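Below: one structure, written as structure tokens.
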Amino acid sequence: MKIYLDVIWLLNFCFDALLLLLTAFILKRHVKKRRLVGGAFIGSSIVLLMFTPFSPIVEHPAGKLAFSVVIVVVTFGFKRFRFFFQNLFSFYFATFLMGGGIIGAHSLLQSNSIVQNGVMITNQTGFGDPISWLFIVGGFPALWFFSKRRIEDIETKNIQYEERVSVQADLGSQTLHVRGLIDSGNQLYDPLTKTPVMIIYIDKLEPIFGTAETMIIRNTDPLEAIEQLDDSFRFLDKMRLIPYRGVGQQNQFLLCVKPDHVTIMTKEEMISADKCLIGISTTKLSADGEFDAIIHPKMLSGKAVKHVS
């Protein structure tokens, strides 16, 4: 049987990189590209070592564990033991998740690809059956995206609704600070980009927008407000109109602004939620003034930039 070592190594390098990306996504870790490449290279080097006298070492469970430790440390670094074990166990979780999915899909479709000693190869002679290679190359990324979306759904369901949070939004050179309420009833998205929308009371935006522009937005229909705001309004290029439908109402439009950066501060962590829109409400959101914004629960699925200990 011919084995194209360079092709197998390249595939495993890509798969290791995807596993490390999934691990980082699960833990909300920010990983530098050079660390990701380094970790994936070390992981894929097992393929090369299997054809050397070191093969018994890398095939032994202790050898595989040692490689996993090195991969995790190179990719995520080492700060403390708790941090390290979180990374290691999550890496194994991602590996078992993807490996189980591949085995399940293999059993279902009866593909000719197999996993041997942690390395994915094909049973065909030569370069392999095009269908089996298509399964490997297409199936793994598809399973990766499927797993990522399911993890996002689980995170959204586990969010503690009705929790109060602090929100910092950067618009141009100015920063807005508001108190927000995480509300499961807020399921408003931009229908084109699927960007979640948080709602903020317009009074909080007046110091940033200016008095004249705030009056226009407050007293006119969103469609008319866009027409009346002239080029002197510095946030005109960031304004969006989002269609929505309230209970017992016909289709309406909500005027939104695209922030440059948004940070949400919960009791446990600070979350970067840059992919969002700020919907402008002309009515007060809380009668007793306990909060000034309604936070879309999907925004809490962003990357944690700091954990509160």
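Note that Cβ sites are derived from N, Cα and C of the backbone, with glycine treated the same way.
Summarising the annotation, Swiss-Prot assigns transmembrane segment to 7-27 (among others) and lists sequence analysis as the type of evidence.
Tertiary neighbourhood of the transmembrane segment (36-55): same-chain residues 5, 8-10, 12-14, 16-17, 19-21, 24, 64, 67, 70-72, 74-75, 117-119, selected by CB-CB distance under 8 Å and a gap of 6+ residues from either end. According to Swiss-Prot, the feature transmembrane segment maps to 36-55 (among others), an assignment based on sequence analysis.
For 61-78 (among others), the entry in Swiss-Prot reads transmembrane segment.
Summarising the annotation, Swiss-Prot assigns transmembrane segment to 88-105 (among others).
Under the heading transmembrane segment, Swiss-Prot lists 130-147 (among others).
There are 19 other Cβ atoms within 10 Å of the Cβ belonging to ASP183 (active site). The active site annotation in Swiss-Prot covers ASP183.
Remote same-chain residues near the transmembrane segment (61-78) are listed as 16, 20, 23-24, 29, 31, 35-36, 38-39, 42-43, 46, 84, 87-88, 91-92, 118 (criterion: CB distance under 8 Å, separation of at least six residues from the stretch ends).
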